[in-house]
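Chemist: Structure incoming, see below.
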Amino acid sequence: MGKLRGLTGSAGGSLARNREFRLLWLSFTMSVAADQIFPVTVTIAALNAGGTASTVGAIFTCRWIALIVFALLGGLWADRLPRRAVMVASMGFQCCVAAVGLCGAASPWLLALLVFLVGGAEAFHRPAYQACLSSVLTPEQRPAGAALTAVSWRLGAMIGPGLGAYVVTVWSPRIGFLAVLTAYLLGLVLLLPLREPVVTPGRRASAVREIADGVFEVVRRRWVLGIIVAVAFQQMLTIAPAQVLLPLVSRETFGGDAVYGTALALLSVGGLVGGLVSMRWKPGRPGLAAIAGLAVYGVVPLALVWPVSPGLVYACYITAGLGLEIFAVQWVVNLQREIPPERLARVTSVDWLAASVMTPLGLTLTGPAVAAIGRPALLAIGAVAGFAVPLATVFLRGMTRFRSDVTSLNYGHSP
């Protein structure tokens, strides 16, 4: 914790001395580890059962379906109930799902069901975590807290898949499921002693009305709506095509998969650096910094259009990772400040739903688009969209400072 203390400084009290944050962050880190090992385990289990690449793709489509189906409900219940209780319940459910994988060889249908169920639980856990994170931190601590969350995520993305592949390859998918179960269980146990500050919920209404209230909190703030729309379209037009086409460029241009794997690792390294930078940096115009960080991802498809050397691809991916995490930290911190705490989980779920819809759409349309207009043209469109879509939002009211002149509303629901 000495390093943590040094990184976060003394503003608002060191995070190292914030017991509730320590428990919440360590629990989240365990959840990230499980989330990274789980897909590797499922993939190898599916291939062992005679599945193909198409089988694996169909199995993981179930995760996106679950996120889309349950995202708004997850935010709703994370605002209705104590966030700690929602996280404990979702991680307990994920433990049960992982335990099913311990029973032995699983058919592709069963694996698809497990992926769907874990994705559904994730839809409840994520909004609850973001809302709880806001409640256990002072405003001065929130940038460092959001940055450490980003660091955990990026470290998990760097280490988790390799660790999962090693465990499953050396032993078996059953041991992989055991590792997933252990990580989820540790995350759950860490949440049990957490003392969540009381957040007074709004008056209870119908589920549809309360979800609509969350959507209204987004719509009445132009900068919030603008960012959600921009991220969703950038996911579809820029990030998804680059994700699909990077391995093809790696093989066809550079003769193997090394550039593919290294570029993804460097994306996480850039994100890690961006998270560390965001612990200290407090830009005067956080919205402008966030938009610039998001727009930087446009260099990725640009590098894939003209992949003149592996070094260029690597530089673009590490720069994109840096920008993405600078954006993510500023977005989360200012959303926590701007949105009333009793509605924060619902707003988070709206953000997540938009990305969850557009990402699989982009992944699905990439193949037909390449067949129709060619890979260079599609990547060029992705590069233009990567820069233009975020930058177009800069003209919206409140965008450059991530602030809006709106008053808190009492929706007047009946008990």
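Glycine residues also receive a Cβ, built from the backbone N, Cα and C atoms like all the rest.
Summarising the annotation, TrEMBL assigns transmembrane segment to 23-47, 53-78, 108-125, 175-194, 223-246, 258-276, 288-306, 312-332, 352-371, 377-396.
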Chemist: Which residues, given as numbers and ranges, are at least 6 beyond the ends of the transmembrane segment (288-306) yet have a Cβ under 8 Å from it?
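Modeler: Tertiary neighbours of the transmembrane segment (288-306) are 227, 230-231, 234, 238-239, 241-242, 245-246, 249, 274, 312-313, 315-317, 319-320, 322-327, 330-331, 376, 379-380, 382-387, 390-391, 393-394, 399-400, 402.
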Chemist: Among 53-78, 175-194, 258-276, 312-332, which stretch has the most Cβ pairs under 8 Å to the transmembrane segment (352-371)?
Modeler: 53-78
Chemist: Would you mind listing the long-range same-chain contacts of the transmembrane segment (223-246), meaning Cβ under 8 Å and 6+ residues beyond its ends?
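Modeler: For the transmembrane segment (223-246), the nonlocal Cβ contacts are 217, 260, 263-264, 287, 290, 294, 297-298, 300-301, 304, 331, 335, 338-339, 347, 350-351, 354-355, 357-363, 365-367, 369-370, 375, 378-379, 381-383, 385-386, 389-390, 392-393, 396-399, 402-404.
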Chemist: Short question: which residues 6 or more past the ends of the transmembrane segment (312-332) have a Cβ under 8 Å from it?
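Modeler: Sequence-distant neighbours of the transmembrane segment (312-332): 130, 142-143, 146-147, 149-150, 154, 227, 249, 259, 262-264, 266-275, 277-278, 281, 283, 286-287, 289-297, 299-300, 302-304, 306, 402.
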